[in-house]
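Everything on this sheet refers to the single structure shown next.
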Amino acid sequence: MSSVKRSLNQEIISQFHYSAAEGDIAKLTAILSHSPSLLNETSENGWSALICDRSIVNKSRQTALDIAKFWGYKHIANLLANAKGGKKPWFLTNEVEECENYFSKTLLDRKSEKRNNSDWLLAKESHPATVYILFSDLNPLVTLGGNKESFQQPEVRLCQLNYTDIKDYLAQPEKITLIFLGVELEMKKEFFNYAGEISKEEEDGLVAWFALGIDTVAAEEFKQRHENCYFLHPPMPALLQLKEKEAGVVAQARSVLAWHSRYKFCPTCGNATKIEEGGYKRVCLKEDCPSLHGVHNTSYPRVDPVVIMQVIHPDGTKCLLGRQKRFPPGMFTCLAGFIEPGETIEDAVRREVEEESGVKVGHVQYVSCQPWPMPSSLMIGCLAVAVSTEIKVDKNEIEDARWFTREQVVDVLTKGKQQAFFVPPSRAIAHQLIKHWIGMNPNL
């Protein structure tokens, strides 16, 4: 008898939920007039008539959104698809430890307060201890370090030049781009005497670094005189060969040099501009230009924010990875895209994932970021939890997208290219996001 009563009760709950999904107000009112407690009754999936956890999946691995789409409940599907945030899934950690990605570490203190001190900058330009790094077409000058007789892979190191090496270029300011990068983090208590060139009163113990951009003709002439040096090219993946702290310096220099190469003329009026503030500002030469009054972002180096996200299946056991046509065969990575004006990080993640893969995203959690000097992006790394699972790739955006199991991803990270697919190298934030997801499992 009790089982019959239970079945009848379940049938009433089922009818009530069906009416709620249909939006049948009249029937809902009639049912509630007899059994108001049904408002709090939940189905086998844990859903009530008023709310549902979008991250819960049934035995067929379907979410509430998947089911609404399957049965054609467009109004419900629209509500579920466009609801933001939601309850944090159980498989996401409460705290995310701060980490430094490649291109994030540096040897330098930027000393931005010195950029307006033209006398100090001029003195540092000719200081014997000052370090210059040379660029041509945004490619840094490097050399191979280590013992030539060693069987180990030689290190790619920046060529650290001094004033004597580059003074001829400084004499032709119209042909170069000079950027003050900062000073070494460790102050030098005492410099060598340098034959008495610098008085003790003038010495501050700060070792300044500058980036110097020269044209291709000058670059070829320099290489002929310094056969052990070469310009690192192409930027990807060549820049990933640098030591971590030197890579951070290159990221800073390359991004600012790229900005100068693209903004030689005033974005406000179109007239020519000149470089000021140690290379961190371009000033219009037209006296009545509006950009000369107040602070304008067009006068300073720009950074383009990009979201890059590890999309996790609603049940936490799979991740979504995609690939573009230009990728090496077999490489899959996290989805990514530029943030649009007036858009939050979370909304950008949801929009980009849906545009590229057709998958809807609910909860978004920030993990870490990475400067990406191609030419000047900031990759904002996030975890994103899907609320739908069906993939519909936009071929105009990406070539393919797939769900990969945790086991597949672990095999790729541990066995590399022996597998059917591979992911970006460890110095890319995509790799670190994938590892972060894998690391959520305490058994790994």
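Each residue, glycine too, has its Cβ placed from N, Cα and C.
The Zn(2+) binding site annotation in Swiss-Prot covers Cys266, Cys269, Cys284, Cys289. Residues annotated as substrate binding site in Swiss-Prot: Tyr300, Ala336, Gly337, Phe338, Glu352, Glu356, Glu397. The Mg(2+) 2 binding site annotation in Swiss-Prot covers Glu352. The domain 'Nudix hydrolase' annotation in Swiss-Prot covers 301-435 and is backed by sequence analysis. Residues or ranges marked as N6-succinyllysine by Swiss-Prot: Lys167, Lys274. Under the heading motif 'Nudix box', Swiss-Prot lists 337-358.
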Seminar exercise, completed: Counting only residues at least 6 beyond its ends, the same-chain positions whose CB falls under 8 A of a CB in the motif 'Nudix box' (337-358) are 84-85, 304-307, 309, 311, 320, 322, 364, 366, 380, 382, 384, 386, 390-394, 397-398, 401
Problem set entry | Segment-level pLDDT (mean, integer) for the domain 'Nudix hydrolase' (301-435) | 95
For this session: Please report the DSSP secondary structure of Glu356 (substrate binding site), reduced to three states.
Result: helix
For this session: Provide the number of Cβ atoms within 10 Å of the Cβ of Cys269 (Zn(2+) binding site), excluding the reference atom itself.
Result: 15
For this session: List, in sequence order, the residues of the same chain other than Cys266, Cys269, Cys284, Cys289 whose Cβ lies within 8 Å of the centroid of the Cβ atoms of the recorded Zn(2+) site.
Result: Pro267, Thr268, Gly270, Asn271, Thr273, Leu285, Lys286, Pro290, Ser291, Leu292
Exercise. Which ones, of the recorded positions Lys167, Lys274, Ala336, have a Cα no more than 10 Å from the Cα of Cys284 (Zn(2+) binding site)?
Worked result: Lys274
For this session: On the DSSP side of things, how many residues of the domain 'Nudix hydrolase' (301-435) fall into helix, strand and coil, could you say?
Result: 33 helix, 50 strand, 52 coil
Seminar exercise, completed: For Glu397 (substrate binding site), the closest of the recorded positions by C-alpha position, picking from Lys167, Cys266, Cys269, Cys289, is Cys266
Exercise. Which one of the binding-site residues (Tyr300, Phe338) has its C-beta surrounded by the most other C-beta atoms within 10 angstroms?
Worked result: Tyr300
Problem set entry | Candidate with sparsest Cβ neighbourhood (10 Å radius) among Glu352, Glu356, Glu397, the listed binding-site residues | Glu397
Exercise. Nearest to Lys274 (N6-succinyllysine) by Cα distance: which of the binding-site residues Cys266, Ala336, Phe338, Glu356 is it?
Worked result: Cys266
Exercise. From the Cα of Lys167 (N6-succinyllysine) across to the Cα of Phe338 (substrate binding site), what is the distance in angstrom?
Worked result: 40
Exercise. Considering the binding-site residues Cys266, Cys289, which residue's Cβ sits among the greatest number of other Cβ atoms within 10 Å?
Worked result: Cys266
